[in-house]
Ligand code: PAF
């Protein structure tokens, strides 16, 4: 496995594969890798000849009071994990390599679906994701790109601009990887105190209860209110509990497939999770 830190070096490493028309798979990450990321790499490995993983903590997707500076940077540990799951090339550029030292005047703003859910609490976040992911797509030029469904809204935003801008690759969404107790894996879980780590799986349990209630015929509004009550009683400060279609359109009743979304703070740590509930076939 090679590690490249420059765009030029990455191109030199990928050019033979491009010339031989090999299928290139790409997993963009911000590092501090866990099983969720490694499962993305495993999926890429199944489908592609060459697997590239980027590790880049992207400054422009963090708000001024967010954790850009303290975001865990664990390159050496990440390299070991990636070598074990068969990654071919790690791309770990510096901020300067990605953004240069001249001002960036171009933005990629996906309307509507970015002004909802996490976009409300994190203004500009998805613009920053869209810019860096587009840059990375242009640098790597993969055939397939792999993203986790835990960041369901991010995945929807990426699918949208890939379609709108005719970016020539296929986006693959990979199911959420969970700890044994149900907590969706996230690099930010490491911020939780032992006490809060024990409470955190309540989010998934609440989603599962909500699914059971919906399937038993409880009204959607009541199900969402119950989720709020349970999470608040467990000590969460709820940011949002929402129901959307898989395309992120608002939904009032459970009369089609629905995705239940939760964002909630436990101590200083903001956790997100989601669960898709299929509308029962007649
Ligand atoms: O999901 C992430 O880790 C990041 O948002 C991504 C897609 C790597 C862009 O920086």
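Positions of Cβ are set from backbone N, Cα and C atoms, glycine also.
The active site, proton donor annotation in TrEMBL covers 37. Other Cβ atoms within 10 Å of the Cβ of residue 37 (active site, proton donor), summed over all protein chains shown, number 27.
Classification of residue 30 (ATP binding site) by DSSP places it in coil, neither helical nor stranded. What TrEMBL records for 30-37, 148-151, 185-188 is ATP binding site.
The Cβ of residue 154 ((R)-pantoate binding site) has 126, 129, 147 as same-chain neighbours under 8 Å, each 6 or more residues away in sequence. As annotated by TrEMBL, (R)-pantoate binding site applies to 61, 154.
Here TrEMBL flags 61 as beta-alanine binding site. Contacts of residue 61 ((R)-pantoate binding site) defined by a Cβ separation under 8 A and a same-chain sequence distance of 6+ are given as 124, 125, 126, 128, 129, 132, in order along the sequence.
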Which same-chain residues, if any, lie at least 6 apart from residue 150 (ATP binding site) yet have Cβ under 8 Å of it: 36, 176, 177, 184, 185, 186, 272, 273, 274
Close-lying recorded positions around ligand 1 among 34, 37, 150, 185, where CB distance stays under 6 Å: none
